Amino acid sequence: MKNSQKQKGPSNFETVSPATKLLEKRRKMYEIHEAFEAQKEEFKKQEEEFKRKEDDLRDQDQNIQAQLINYCKFLQDNEAKKNRAEKRLQEETKQRDQKDKDIKEVQGQYEELQNQQQKLEAKVQALKKYEEYLDSVIKAHSDQYQDLAEISNRYKTLSTSNQNLQNEHKQLEKEQEETKHQIQVFQKYKNQEILQLNNDIKELTKKLEEKNNEKMQLQSLVEDSNKKSSDKNLNLGRILMAVDNLYNRCMEGMNKIKTDFEENQRNIGEKANIKEKKTEKKVERDKKKTGKDKYDGNEDIEDNYEEKSKKAISKLKIIKSYMSDFKTIIAECKKESEAAKYEKQDQFQKK
């Protein structure tokens, strides 16, 4: 029973008309549309609720931001006051340190001046004996020196001359050392250059020998190549002569073959005559095709082997065509002779 009911179900559904199916689909679409509209309305209410909450949150956020701005201004004012106070303290501390530093510098300069004064006094006492000596020199050489300034100028002049001479001596020694160094560098460079030139001479000599050997080898190869070329040309000439001989023999023997074939064909029946006409037409076509080649064969032989080779190839093609036709003619002649032989035997048996 259950199986029968299950089998009836699909059959009933299949019997439902298309209009009923369309109405059922429209009913389902309407239900889906109503559910969609209800859900859309619900979403709209939720959206309005979310917008209201968003406005409340925005107002709260603005209030918090205003409070934060006020608090930040308060902190900035306090920070500015603090910075000004610290800056003022740093400036005052810096000024006080600078004053202390200036005092220490002045005290150091004062102590240094005192030390210099003591040194100068000690130096004056130490140079006192030289002054006494110079006074004695002026008294002894009053005709040359009138006072201490002349002696000092004379000493400066001699010191300057001595210093110039020492500088010139040092300069000459320096130039001498530089000249020696240049001579050593030049000698070293020339020795290296000579050594390099000797190596280059050896290398070039070796290369020259190699080139001479290569030259000898190339000459040998050229001679072998010339010999092979002459042998090839000789063989090619022989081949070309053989091709020309075959070509001329084919052309000369064609008329004889044609005459013999015509005499043989006169003794054959109507069927053989038809075949003979076809063969003659084919031979005439070959003659038309090879007319130009025959004319070329009567021309003077050129020295260019390439042209000769091309002509030989064309002649070989003609020879091949003649040979093929000759084989065909021979085969047909054999067939026809055998057919004639059989006809004679039949006639003889009938008699």
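For all residues, glycine too, the Cβ spot is worked out from N, Cα and C.
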When TrEMBL is consulted, the range among 1-20, 101-120, 201-220 described as region 'Disordered' turns out to be 1-20
Along the coiled coil (33-228), what average pLDDT does this model show?
86
Under DSSP, the domain 'DUF4200' (22-139) has how many residues in helix, strand and coil?
118 helix, 0 strand, 0 coil
